[in-house]
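Swiss-Prot annotations:
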- 12-65: disulfide bond (DISULFID)
- 16-41: disulfide bond (DISULFID)
- 25-46: disulfide bond (DISULFID)
- 29-48: disulfide bond (DISULFID)
- 1-66: domain 'LCN-type CS-alpha/beta' (DOMAIN)
């Protein structure tokens, strides 16, 4: 599964700065929790490729992004 990393508690995407945080996004995507193949920063958010179907990506159905 491919998609944007999402914070399950806030429903928001993981933010990043393109060309600066690519390695951070990759580490998050290939972590033992998410088990993705590769990750990078795309349009200011971490995007992952090759994650298991069970891994939640943005958007979470029925949940909007809220940082409050």
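Positions of Cβ are set from backbone N, Cα and C atoms, glycine also.
Swiss-Prot feature annotations superimposed on the structure.
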{"residue": "12", "record": "disulfide bond", "CB count, 10 Å": "20"}
{"residue": "16", "record": "disulfide bond", "CB count, 10 Å": "22"}
{"residue": "25", "record": "disulfide bond", "CB count, 10 Å": "25"}
{"residue": "29", "record": "disulfide bond", "CB count, 10 Å": "24"}
{"residue": "41", "record": "disulfide bond", "CB count, 10 Å": "21"}
{"residue": "46", "record": "disulfide bond", "CB count, 10 Å": "25"}
{"residue": "48", "record": "disulfide bond", "CB count, 10 Å": "27"}
{"residue": "65", "record": "disulfide bond", "CB count, 10 Å": "13"}
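Counting only the Cα atoms, the space from residue 41 (disulfide bond) to residue 25 (disulfide bond) is about 6 angstrom. Of all the disulfide-bonded residues in the list 25, 29, 46, 48, the shortest Cα-Cα distance to residue 12 (disulfide bond) is found for 46.
DSSP places the residues of the domain 'LCN-type CS-alpha/beta' (1-66) in helix, strand and coil in these numbers: 8 helix, 17 strand, 41 coil. Neighbours of residue 46 (disulfide bond) among the disulfide-bonded residues 16, 29, 65, defined as a Cα within 10 Å of its Cα, are 16, 29. Candidate disulfide-bonded residues: 16, 25, 65. Nearest to residue 48 (disulfide bond) by Cα distance: 25. A straight line from the CA of residue 29 (disulfide bond) to the CA of residue 16 (disulfide bond) spans 13 Å.
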